[in-house]
Amino acid sequence: MTDGARQRSSTSGSAKDAAGGKESGGGVALKKEIGLVSACGIIVGNIIGSGIFVSPKGVMENASSVGVALIVWIITGVITAIGALCYAELGVTIPKSGGDYSYVKDIFGGLAGFLRLWIAVLVIYPTNQAVIALTFSNYVLQPLFPTCFPPENGLRLLAAVCLLLLTWVNCSSVRWATRVQDMFTAGKLLALALIIIMGIVQICKGDYYWLEPANAFEPFQDYDVGLIALAFLQGSFAYGGWNFLNYVTEELVDPYVNLPRAIFISIPLVTFVYVFANIAYVTAMSPQELLASNAVAVTFGEKLLGVMSWIMPISVALSTFGGVNGSLFTSSRLFFAGAREGHLPSLLAMIHVKRCTPIPALLFTCLSTLLMLCTSDMYTLINYVGFINYLFYGVTVAGQIVLRIKQPDLHRPIKISLIWPVIYLIFWAFLLIFSLYSEPVVCGIGLAIMLTGVPVYFLGVYWDNKPQCFDAFVGKLAYCQVVFSGEIKRTYIEVYFSTLWV
């Protein structure tokens, strides 16, 4: 392994290295192995997790009618596409891995970038990955426990094995990781295609009562502006992951071409799938049945697929397995980018000489997720920081406007009209203000968690003349974390297979 940390800290230097795929100072760099198909797989695979299979009811119950719910899915898809368009310009203007962290740091300064990284390292990615892995284990084990819930320890153990297996794949080869992502993304799209085809069959049979305009807009509860705003917020969260390709820009083959092209292909595809999957659901279920179901796709399968209904639980499991892989792949690059800029221990910026994978960053990501599996409060943490995650989307898009003003002559391979970031920011501000109004305590706690990073930044990053013993302690701590995660990996696998043997 070699440490390429701080040698590529400037925007211009990083842009040249990333665009040309050159090694920094003769060292080892991340390989450019992600083509257009794999790039689309990363975006689609990270957006489509378990939500569209398990619980699309968040939008429905707040929209108050089928028609409004479908409109919400379409509008949030369009807004997501606009946000992705803004990120496409930023991604080719500042072609560094790390996504919005790198953009915020370069545009607004080190503290703003560090706070984005801090909340991601501390809560966002470990909790999201833990929840997706637990969803995977739940759908794998549920057939073995048809009359009761699977044991909690069994769920956590299988989730840990899933994380460790995929961490090993990602450490071994970028190509392996992208192949896994491509395969499981194709699998979830095939499952959703089956749902959509079944919906078309239902429509051809005349089962489209809830799609007729008179019935589609018949409210099952009174319309409320606040609830509709909440439906838009739920829809926006369902499209989460649209910006993940920007985290791996330096590993894209021809990023100036493939980054925007992958975005233009993937976001409309996901929007189409989301809208038509929801149309298919209401051909077989009434809004009341949909809201009462804890796993909508499973209920849909039981109604229409008969003896083949087992396809739906398997599809959810495969979808979540691919979701864990995509999240591990992209979030480790964020931590790698943070370490390279001096915002995390430099050990995390090291790359394996032969495999060209950021193994320490991957092991750190795995360890932090395994620790989240040991707590029962991760769902609460997600609620607290979801607001902050969305806050930084808007800050990043605002940075696009700021960068246009500060550096109007900067080379931009893609240059979109400023009307698009303005439209996105209006929608973003509307949802943000509503979130603060409806849940001020939750948003306040999220802000407080983020602000705990301020003293950490001034002590660990801004303070230049730190004692040598302090730097040595941080380096040893990071080394111990990586070694410890390797030991956990070996122990979990041994325990899991010993329980299978028994």
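Glycine residues also receive a Cβ, built from the backbone N, Cα and C atoms like all the rest.
The following features are taken from TrEMBL:
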REGION    1-26  region 'Disordered'
TRANSMEM  34-54  transmembrane segment
TRANSMEM  66-92  transmembrane segment
TRANSMEM  113-137  transmembrane segment
TRANSMEM  157-177  transmembrane segment
TRANSMEM  189-211  transmembrane segment
TRANSMEM  223-242  transmembrane segment
TRANSMEM  263-284  transmembrane segment
TRANSMEM  304-324  transmembrane segment
TRANSMEM  387-405  transmembrane segment
TRANSMEM  417-438  transmembrane segment
TRANSMEM  444-463  transmembrane segment
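Packing against the transmembrane segment (304-324) from elsewhere in the chain are residues 45-46, 48-50, 53-54, 129, 132-133, 135-136, 139-140, 142-143, 162-163, 166, 180-181, 183-185, 187-188, 191, 194, 198, 202, 284, 295, 297-298: each is 6 or more residues past its ends and has a CB under 8 Å from a CB in it. With pairs at least 6 apart in sequence, the transmembrane segment (444-463) and the transmembrane segment (66-92) have fewer than 3 Cβ pairs within the 8 Å limit; the two do not touch.
If you look at the transmembrane segment (223-242), the same-chain residues 6 or more away from its ends with a CB under 8 A from one of its CBs are 43, 46-47, 49, 51-52, 56, 58-59, 62-65, 68-69, 72-73, 75-77, 79-80, 83-84, 87, 263, 266-267, 270, 274, 326, 386, 389-390, 430-431, 434-435, 438.
Under the criterion of 3 or more C-beta pairs below 8 Å, with sequence separation of 6 or more, the transmembrane segment (387-405) and the transmembrane segment (113-137) qualify as touching. Tertiary proximity for the transmembrane segment (263-284) is limited to same-chain residues at least six positions away from its ends with a CB under 8 Å from its CB atoms, namely 36, 40, 43-44, 47-48, 52, 56, 59-60, 66, 69-70, 73-74, 77-78, 80-81, 84-85, 87-88, 189, 192, 195-196, 198-200, 202-203, 207-208, 210-211, 238-239, 242, 245, 290, 296, 300, 303-304. Fewer than three CB pairs closer than 8 A are found between the transmembrane segment (113-137) and the transmembrane segment (189-211), and contact between the two stretches is not assigned (pairs 6 or more residues apart).
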